[in-house]
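Summarising the annotation, TrEMBL assigns Mg(2+) binding site to B:E51, B:I335. Among the features that TrEMBL reports, Ni(2+) binding site is placed at B:C70, B:C368. Positions annotated as domain 'NADH-quinone oxidoreductase subunit D' by TrEMBL: B:124-374.
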Amino acid sequence: MDANSIISSLTGKFPEDIYDADIESDIRVIAKVKPENVVEVCRYLKEDLSFGHLCCEFGADYPDRNEIEVIYVIGSYDHPVVLTMKAILPRDAPEVESVVPVYWNANWYERETYELFGVKYLNHPNLKPLVLPQEMLGEWPLRKDYEGFPNKTARNLV
Amino acid sequence: MDETVGPSEMIVHLGPQHPMMPGPFRLNAKLRGETVVDSEVEMGWIHKGIEKILESKTYLQGITIVDRICYLAAMTNEEAYVGSVEKLAGIEVPERAQYIRVIMEELSRLQSHLLGMGEYASFVGFVSMFMYTIRDREDVMSLIDSVTGARVTHSFLRYGGVKDDLPDGFKDDVEYVFGNLKKAIDNYEELYSTDQIYKARTKGIGVLTADVAKDLGVSGPPLRATGVAFDIRKDEPYLVYKDLDFKVCTQTDGDVYARIQVRLDEMRESMYIIEQCLDQIPSGPIFPEDTPYGKRSPVMRVPAGEVFHRVEDPRGEMGFYMVSDGSDKPYRVKIRGPVYPTLQTLPPLIKGVTVADIVAIAGSMDTCTSEVDR
């Protein structure tokens with residue numbers, strides 16, 4: 001399976017949900033997905049296009065566009081193509097459906113994106129902070145307008 | 001995990017500072033008698049915020065920071081970071097520098113496997129093995145030291161090349177060390193395969209099947225021990241790996257014993273790769289001609305764009321997703337460590353085993369908490 005057939009199969013199956021799909025190179029494909037249907041798209045990717053390996057899932061903050069992107073990087077054990085799929089969420093209330101039912105190892109990635117960016121995952125089995133202490137919840141430290149870094153950590157040390 | 005305990009059940013907190021835990025994380029295990037009923041991993045004791053730090057450092061300063069993600073895999077972390085910037089900026093690495101990188105990364109894999117295996121052996125009560133592997137690891141560390149000038153955190157790679165060329169007489173040193181190490185690895189294999197108590201504690205324990213391992217997102221030796229030949233060096237070759245002859249070491253059992261066997265075989269393959277590199281390495285520059293980047297330009301601007309670059313770490317798939325906005329600092333860096341999914345699999349894997357097997361299974365995964373927490 002090569003990059004061209006993946007793109008045509010994906011846009012053919014989800015003409016409404018997949019947009020801005022593009023081929024970067026033989027082994028890199030990018031696409032954007034509507035956040036409402038991310039679970040169905042992921043299930044199709046895993047079951048029909050053999051994208052069985054979720055490399056990572058994370059957020060990126062764009063305050064000038066007032067958007068938070070949730071980026072899914074999905075690879076495969078059978079073919080060398082890696083798909084980068086972005087779901088664009090509003091920055092004031094980012095909410096997206098959890099993909100844990102499809103990709104089991106998304107669990108920790110989503111917990112971390114939640115505590116660092118404030119992306120709320122719906123129907124996540126255990127949405128609580130992973131690496132940060134409970135009292136830092138709500139500060140969203142990896143957002144660009146976070147002011148605690150590095151002053152807060154340095155003050156705590158002395 | 002459900003915190004309520006039934007009759008004859010209790011919750012035991014293993015770690016974060018437990019001598020038998022591979023790194024500071026806490027395992028809350030609910031036990032019924034000696035058997036684990038349910039468990040949960042808690043992280044965050046050594047969270048360093050490296051992803052945030054990298055956003056506030058220039059690209060050249062970042063090389064020093066990514067060393068600190070995991071000290072055992074410092075060289076491959078650098079390769080993933082430097083490689084992704086090179087992809088973004090379109091820098092071509094000269095062939096000699098690529099060979100030097102491969103040599104250093106395979107040496108790094110050797111020392112990581114030696115420590116990981118020795119540490120694990122002490123978890124299952126085989127403490128003398130730890131002394132043997134640490135002794136032999138020291139020779140490999142000296143080789144790395146003679147090239148990079150540092151034992152653990154090297155800061156050796158640069159955009160478009162490496163910091164220094166190989167020293168004189170490096171090939172002879174490698175031959176001497178590898179002569180001893182090959183005998184030592186045969187010796188370890190014999191010790192592991194003839195010890196009946198060790199076999200009883202590791203054969204058939206913590207079994208992962210190929211389908212489950214793929215489903216859980218595991219990579220590296222734990223996945224290859226189930227029979228899946230997934231290796232980024234073969235599947236998505238970077239540097240000069242496509243010109244080198246090596247095989248992907250797999251086992252089929254997927255238990256603790258098989259994971260250690262995969263590491264033993266991989267160490268032999270690493271030595272074979274290094275020997276090939278030393279025979280094939282061409283002479284030439286270690287930096288591209290007339291590059292705007294390189295070690296003499298501390299400030300560099302990288303064209304705007306996004307890239308995902310992955311390499312094969314000693315523990316599996318290490319990837320960097322980098323977003324550049326055209327300034328001298330990365331806009332967003334995501335570090336996809338190999339242990340992050342592997343450590344997640346610990347709770348389902350230890351369900352139903354006895355307490356004594358927890359450390360054997362956790363140790364055989366060769367987890368690195370520093371990398372999970374970042």
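Using N, Cα and C of the backbone, Cβ positions are placed for all residues, glycine too.
Nobody curates TrEMBL annotations by hand; they come from automatic prediction.
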Worksheet item: Listing the binding-site residues B:E51, B:C70, B:C368, which lie under 8 Å (Cβ to Cβ) from chain A?
Response: B:E51
Worksheet item: What residues, ordered by sequence, lie under 8 A Cβ-to-Cβ from B:I335 (Mg(2+) binding site) and sit at least six positions away in the same chain?
Response: B:I50, B:E51, B:V66, B:I69, B:G319, B:F320, B:R374
Worksheet entry | Average model confidence [pLDDT] within the domain 'NADH-quinone oxidoreductase subunit D' (B:124-374) | 86
Worksheet item: Helix, strand or coil at B:C70 (Ni(2+) binding site), per DSSP?
Response: coil
Item to complete: Run through the Cβ atoms and count how many others sit within 10 Å of the one on B:C368 (Ni(2+) binding site).
Response: 26
Practice prompt. According to DSSP, folded down to helix, strand and coil, what is B:C368 (Ni(2+) binding site)?
Written response: coil
Worksheet item: Out of B:E51, B:C70, which of the binding-site residues is least crowded by other Cβ atoms within 10 Å?
Response: B:E51
Worksheet item: Under a three-state reduction of DSSP output, how is B:E51 (Mg(2+) binding site) classified: helix, strand, or coil?
Response: helix
